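> Here it is, the structure, as structure tokens.
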């Protein structure tokens, strides 16, 4: 018996749990650099928002949202460090890698929502364009550009680095790639910088800063304030187009879909597994992306009864482990048992075996599946369970039924009325032991003519 605690310790609140996990991350020296950049990022965001209010520039506000996105990327990097510290638990048996995917998905979606907000504000400004002050516009542009590039190039953000390479290219990357091919054709030495494709975060930072510089020059020269709204729309579209492919990729990972680029390799490996010695069938295979660069899967393998389970398991794991790092393989043997006539001892009160018939009873599942109209087995509406077969005759105990036909006295005639069940059981008797032989008797002196008595005389 366990100890009775009168005063149980109260469970931690959500804030207490978050504080405990933050202390766990802060104990690692690698996270101090990220925390320092996060503090500087908050200070930079505060100054940029004040300059956006003083200049009344919505283009600078759209560019400031990229700095806010950098703060989200730093939080994602901290979550990545926290995931590496945590071990799988009974609740999270596959680990905590999906928290990285969720952080990337949330960051990219929030960046897209900010871009939609900028588009909405820009549409309102086209109706009534306010005056733009350029006193701190150029200063805010270079401060944000310097900090964004310094953050992206100084800190190795593993989740976003993987997503930027694995996700499909944005329209901005495709246009820059076409321009880079033309430039590299003239100056081949720049191919290592511009090709095969640029970092999407660095690209959008440079493109946004270039749009703000053009805005500053046009406003200073011609007082063309509408160019600020046009630059804000351009930055918002570039932000949306850059973040959308990453959101789609991380969303597919959250939905546990199989990556398209590994489907062919998985099919090839499964065909190789099905041809292994002892393997009869590979079924219920399911593979999905657990985290960034981590593929998980489960498969059921049916083998012969004389096959070695451990040997087959080792070969199957060796084939699939090259692609699937987290793998679950269920091995079960082919279990087909033929039904036997009798497997129970005969009771002591049974005097003669000839008075009884051993009839194996069908399973209840077979009776349930009969069609009430045709008395034929109906097609099951659902597949059989994963680890069992509907084997006919399995786990069926034979039943011994008492013969309803009475034993003859003297000449071998039946006395009394014969029940209907004995007519069906007459053909199942054991010959040579006094039981009936069928619908015809075995006595030669009994006539087969209808309407005569036992002596052959007509009935009165």
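Placement of Cβ uses the backbone N, Cα and C atoms for every residue, glycine included.
Pasting the feature list from TrEMBL:
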DOMAIN    35-255  domain 'Cation efflux protein transmembrane'
TRANSMEM  32-51  transmembrane segment
TRANSMEM  63-84  transmembrane segment
TRANSMEM  96-117  transmembrane segment
TRANSMEM  137-155  transmembrane segment
TRANSMEM  201-219  transmembrane segment
TRANSMEM  225-244  transmembrane segment
> For the transmembrane segment (96-117), could you work out the same-chain residues 6 or more beyond its ends whose Cβ comes under 8 Å from its Cβ atoms?
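Long-range Cβ neighbours of the transmembrane segment (96-117): 62, 65-66, 68-69, 72-73, 75-76, 79-80, 82-83, 86, 88, 159-160, 163, 236-237, 239-240, 243-244, 246-247, 250-251, 253-254, 290-292, 294.
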> Using a Cβ-Cβ cut-off of under 8 Å, list the residues of the same chain that are 6+ residues beyond the ends of the transmembrane segment (137-155) and lie near it.
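Hits for the transmembrane segment (137-155): 33-34, 37, 40-41, 44, 47-48, 51-52, 55, 57, 60, 63-64, 66-67, 70, 73-74, 77, 199, 201-202, 205-206, 208-209, 212-213, 215-216, 219.
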> Near the transmembrane segment (225-244), which residues from the same chain, at least 6 beyond its ends, have a CB less than 8 A from one of its CBs?
57-59, 61-63, 65-66, 69, 108-109, 111-112, 114-116, 118-119, 121-122, 125-126, 129-132, 170-173, 200-201, 203-204, 207-208, 211-212, 214-215, 218-219
> Near the transmembrane segment (63-84), which residues from the same chain, at least 6 beyond its ends, have a CB less than 8 A from one of its CBs?
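Distant contacts of the transmembrane segment (63-84): 21, 24-25, 28, 30-31, 34-35, 37-38, 41-42, 44-45, 48-49, 52, 95-97, 99-100, 103-104, 106-107, 110-111, 114-115, 118, 140-141, 144, 147-148, 151-152, 155, 157-160, 204-205, 208-209, 212, 235, 239.
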